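The block underneath contains the structure these notes are about, expressed in structure tokens.
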Ligand SMILES: CSC[C@H]1O[C@H](OP(=O)(O)O)[C@H](O)[C@@H]1O
Ligand SMILES: Nc1ncnc2[nH]cnc12
């Protein structure tokens with residue numbers, strides 16, 4: 001396996017990053033595949049990044065929990081994952097995730113493209129900016145509407161039953177919710193429940209990446225009166241049927257997603273860093289360079 005330390009001299013540039021969640025540990029149809037073990041100043045990503053070409057688009061694929069599913073949602077180093085993909089040059093990041101449904105009409109086997117989040121996590125590192133550099137990015141629209149619309153169009157073309165929009169409540173886990181919690185989230189009007197996407201979306205925004213999620217519905221959590229409460233066994237059984245669909249959907253969406261123009265997500269840091277640059281220690285500036293290089297006067301502040 002190639003070992004690369006990616007900082008400024010980027011050896012291989014990808015267009016689109018994909019983070020595969022539960023059940024999606026690889027991609028079909030990738031050509032000229034190589035694996036790279038990316039080191040980041042935030043530690044090690046969940047696994048090696050798989051690089052390759054899919055229908056002419058350069059892809060960087062990372063398994064969120066690691067191949068073999070070795071990291072729980074609380075143990076995933078989201079910062080290293082997003083930083084590693086950013087350092088490979090991607091501008092768009094597609095997440096694929098298993099979720100529970102919080103509405104009767106959203107059935108196991110369906111696909112949801114959430115556009116909002118509620119954060120109930122408790123112990124996640126969800127910013128790159130700390131220790132002497134402070135940034136506050138806008139997060140009112142946490143999902144890139146343009147990327148989500150490419151995914152949603154592709155969903156129809158591959159025959160998926162898809163729901164556009166909806167709120168994803170992100171719990172800490174790894175335990176599933178209690179019935180009281182599940183009923184409460186339903187009162188909040190959320191559409192789906194999961195344990196991973198919120199820190200990733202925050203970090204993607206700080207990394208100026210367009211981010212959108214393909215949420216594969218696997219269960220009705222534990223609120224449903226007549227369905228069995230969620231179990232891992234049931235989730236994996238539904239995923240076995242759905243992963244092929246998710247792969248087809250990815251393949252159908254990637255060419256148009258990659259061809260999309262620049263959008264506001266890719267300028268998220270422009271007005272966000274409040275710290276006086278003269279006060280940011282040189283070592284921290286180097287650590288953040290992959291994220292902030294574009295903003296330095298030499299590269300032209302857009
Ligand atoms: C294995 S079921 C619970 C697990 O699945 C989801 O993960 P991901 O978003 O990576 O597909 C959920 O958030 C839990 O981590
Ligand atoms: N019911 C559920 N709760 C949390 N995460 C999930 N991932 C898939 N189903 C889930």
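For all residues, glycine too, the Cβ spot is worked out from N, Cα and C.
The phosphate site recorded in TrEMBL includes 64, 65, 97, 98, 196, and the single candidate from 22, 149, 152, 153 that the record places there is 22. Selection of the binding-site residues 196, 219, 220 by a Cβ distance under 6 Å from ligand 1 yields, in sequence order, 196.
The two recorded residues, residue 232 (site 'Important for substrate specificity') and residue 65 (phosphate binding site), show a Cα separation of 15 Å. The closest partner of residue 64 (phosphate binding site) among the recorded positions, by CA position, is 195; the full candidate set was 177, 195, 219, 220, 221.
Highlighted here are the binding-site residues (195, 196, 219, 221) whose C-beta falls below 6 Å from ligand 2: 195, 219, 221, in sequence order.
Taking Cβ-Cβ distances under 8 Å and a sequence gap of 6 or more within the same chain, the neighbours of residue 65 (phosphate binding site) are 21, 22, 46, 71, 72, 73, 76. In terms of C-alpha distance, the listed recorded positions 177, 219, 220, 221 place 219 closest to residue 97 (phosphate binding site). Taking the mean position of the Cβ atoms of 22, 64, 65, 97, 98, 196 as the phosphate site, the remaining residues of that chain whose Cβ falls within 8 Å of it are 20, 21, 23, 24, 73, 96, 194, 195.
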